[in-house]
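Q: Copying in the features that TrEMBL gives for the protein in this structure:
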type: DOMAIN; residues: 5-270; note: domain 'YjeF C-terminal'
type: BINDING; residues: Ala40, Gly99, His147, Asp213; note: (6S)-NADPHX binding site
type: BINDING; residues: Lys184, Ser185, Asn186, His187, Thr188, Gly212; note: AMP binding site
Amino acid sequence: MEILTDEILKKVIQKRASASHKGTYGRVLIVGGSANFGGAAIMNALGAVQAGAGLVSVATDPSNFAALHAQLPEAMVTDYQQDFSDLMAKQEVILIGSGLGNQLDILKRVLERVQKNQILILDGSALTMLSQNPIKLPDCQLIMTPHQMEWQRIGEVPIADQSREDANWEALVNFQPEPILVLKSNHTQVYAENCVHQLSVGGPYQATGGMGDTLAGIIAGFVAQFKPLKDAVLAATYIHSAIAEELSKKAFVTLPTTISAQLPYYMKKYEALQPEDMPIKG
Ligand SMILES: NC(=O)C1=CN([C@@H]2O[C@H](COP(=O)(O)OP(=O)(O)OC[C@H]3O[C@@H](n4cnc5c(N)ncnc54)[C@H](O)[C@@H]3O)[C@@H](O)[C@H]2O)[C@@H](O)CC1
Ligand SMILES: Nc1ncnc2c1ncn2[C@@H]1O[C@H](COP(=O)(O)OP(=O)(O)O)[C@@H](O)[C@H]1O
Ligand SMILES: [Mg+2]
């Protein structure tokens, strides 16, 4: 097991080339946010846009359009009950499930159309629906971001056993293709390429609804613009809790939207650093 440090940010976050444009930094489609859980899709989108994704679209319930645009005019919207397969085909990254609720038709429609060269992130309600319905996973690069209860449901690993790495690996091989697993808890671990990486940052000041929706959005934003995939997931997972820890020095709770708002400033400190550079202060 490896402990994640800010070395991963020095490795992953790159200074942007002058000769680049929004298309260079990835297209992300978020599918989520039912009428009751619109905030989840908004927090996905805030995480992805503030992390630097070039173009972010949100397929959601139309009742969320105005609230999303009021917070984030950078995001584009479409009605998730309509056919959005043309939009899907243009994406590098698709994130589905945050606040989606029990909408099996939408999940099936998206999973059927995902292409091999796309990255699919499964969060929240998508994981819960997959645990309750026999649906084949698409042949593409998969990332799953369950919290402990969701992992118990979909991975069938009781929460009491999730501290055992062997139990989590055994469950992971049942998924084909094998996903990168971001197993969220008070000591979040990432399972990828035969290695477990554990967070050394973060704390209970993060225990607010929407914290995981924000992480899923940040992961989408990072994998859209940084390579290789595994390092981008590790860096996103690290920065989400590192910002929270930094904020917690002055704040009792660290709201998901505040973490997203800090992303561009926190990332800036790492753009020109290389893994061997001295740790930075402040
Ligand atoms: N503002 C919003 O729109 C929000 C929407 N949300 C969405 O609501 C849907 C349901 O998700 P929930 O996670 O609330 O419900 P779930 O029913 O999937 O899981 C929550 C239950 O799991 C338990 N649990 C055990 N270990 C846990 C851990 N380590 N972390 C979190 N919970 C743990 C909790 O006590 C709780 O009873 C998801 O689609 C989610 O994305 C939530 O993200 C909350 C905020
Ligand atoms: N006590 C804690 N210590 C560290 N991180 C925490 C703690 N409580 C929650 N978190 C983090 O907050 C996030 C919660 O995710 P999740 O339960 O999916 O939230 P939501 O679905 O409400 O957006 C995870 O990244 C988790 O690691
Ligand atoms: Mg969640």
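Cβ from N, Cα, C; glycine included.
All annotation found in TrEMBL is predicted automatically rather than curated by experts.
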Q: Just name the most isolated of the binding-site residues Gly99, Gly212, going by other Cβ atoms within 10 Å of its Cβ.
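A: Each of the binding-site residues Gly99, Gly212 was scored; lowest Cβ tally within 10 Å is Gly212.
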Q: Could you check which of the binding-site residues Ala40, Gly99, His147, Asp213 is the closest Cα neighbour of Ser185 (AMP binding site)?
A: His147
Q: Tell me the coarse DSSP state (helix, strand, coil) of Asp213 ((6S)-NADPHX binding site).
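A: Helix, per DSSP.
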Q: I'd like to know which of the binding-site residues Ser185, Asn186, Thr188 has the most other Cβ atoms within 10 Å of its Cβ.
A: Thr188
Q: Which one is it: of the binding-site residues Ala40, Gly99, His147, Asp213, whose Cα lies the shortest distance from the Cα of Asn186 (AMP binding site)?
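A: Smallest Cα separation from Asn186 (AMP binding site) among Ala40, Gly99, His147, Asp213: His147.
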Q: Here the binding-site residues are His147, Lys184, His187; which one has the lowest number of other Cβ atoms no more than 10 Å from its Cβ?
A: His187
